[in-house]
Amino acid sequence: MASIRELHEQLVKKERSAVEITQETLDHIQELEPKLHSFLHITAQQALEQARAVDAKIAAGEEIGLLAGIPIGVKDNMCTKGIPTTCASRILENFVPPYESTVTQKLLDAGAVVVGKTNLDEFAMGSSTENSAYQVTANPWDLSRVPGGSSGGSAAAVAAEECVVALGSDTGGSIRQPASFCGVVGLKPTYGLVSRYGLVAYASSLDQIGPFGKSVEDTAILLKAIAGYDPKDSTSLKVEIPDYVASLKPDLKARGKLRIGVIKETFGEGLDSVVEQAVTKAIEQLQRLGAEIHVISCPNFRYGVPSYYIIAPSEASANLARYDGVKYGWRAPEGDNLLSMYKRTRATGFGAEVKRRIMIGTYALSAGYYDAYYLKAQKVRTLIKQDFENAFKNVDVLVSPTAPTTAFKAGEKTADPISMYLNDLMTIPVNLAGLPGLSLPCGFDEQGLPIGLQLIGKVLREDQLLQVAYAYEQSTSWHLSQPKIS
């Protein structure tokens, strides 16, 4: 599939219509979905209506933006008016929101064509998209393997060209890890840069919506469209949004000296040797492009996973208390009384992983353990944030592997939650610190599975992050590789 800019030029020159592009995309989805299961809901009728509106604008001689007529996928934990939003959970089965999330409203205002809602781990809790109550998404590079998670549906859809770009959410790595596994670009913005209004909450102090694309430029275009202050989100930042696309230059030294820090704690035990080799070669390539390379230490990085798995479940236990079968969503057959109905609904409506995290969070917040667990985890979070602040005194951008391995087999880790949690070892600290993080392809293993390089930036320096990613991408050809889906 062509890039956003190529499709835009075809539309403006009237070489193709938005309806033609949309119909071709829907046909491609219909062909691949029996194998991939990237989408929970395909919105063909609405998509074609949106495409016709774009064609009418072009016919009337009106100018259209870069995203007008572009097929986009949206993770199914973002509210879409009149379209089911299930969070891949039985408890929200058949829930149709009466309002639009801020990010999807921005897409519609830009003329984008939403072709469907993508699969995820239930309530975004997982690293493999195996926790969905409805279906398991396959990795386009190897259908027996997972696409990562929790935004696995969005990553797989972009990799398989079922849409040009897609939206995901990232609480502990849920955009970057699937981007790594599926060989696409995925960006988690600075906390507060993109509105969370209409995003179904998992852990409110960590959740952030971000873009997936086949290229850095496509990712930058989508970020520009969704970023910005929103009075409906109390954590939204009142900042000026730069032109992320204009900042993309193939010359890494276009803005002067660039210092890149390699986080030494992300190399060593637990890291696959083939991943280490690919990331090391990527760092060497950045050096050849003119970057100064420094090895730096973030000593508290290793405590990211244990602190995250206290903070995130604690917030989830509060956020998910609203699902009781009364106001919306699925309700279990009524029991003897109201309390019985609550219990039956929650016991049968939530999946095993969601119930596990609710229990962990409830335990960590209980009166006798609050100081020992939750308060301590928040102190560790502060230490991790300080590690990053100290590192950024000496460097501009940090690098690490995105994930310790390439995509694993479906079912391989479902019986071992700890092994599954360690998939986000490299990504979680970035969320705890509220920083921007990006994953882009930097190689393949011997089985042809993609490997991701993680770039971490200073607060609100997505422009610099995208510039480094673009310079690396333009000097390599990893992003041009395409999975052969049989």
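Using the three backbone atoms N, Cα and C, a Cβ is placed for every residue, glycine included.
Note that the structure is predicted; figures quoted are calculated from it, not measured.
In sequence order, Lys117, Thr118, Leu120, Ser151, Gly153, Ser154, Ala166, Leu167, Gly168, Ser169 are the residues near Lys75 (active site, charge relay system), counting only same-chain partners six or more apart with C-beta under 8 A. Positions annotated as active site, charge relay system by Swiss-Prot, on the basis of sequence analysis: Lys75 (among others).
DSSP assigns Ser150 (active site, charge relay system) to coil, not to a helix or a strand. Around the Cβ of Ser150 (active site, charge relay system), a 10 Å sphere holds 34 further Cβ atoms from the protein chains shown. Residues or ranges marked as active site, charge relay system in Swiss-Prot: Ser150 (among others).
In sequence order, Leu120, Asp121, Ala124, Ser127, Gly149, Ser150, Ser151, Gly168 make up the list of same-chain residues 6 or more apart from Ser174 (active site, acyl-ester intermediate) whose Cβ falls under 8 Å from its Cβ. Annotation comment: Swiss-Prot describes Ser174 as active site, acyl-ester intermediate.
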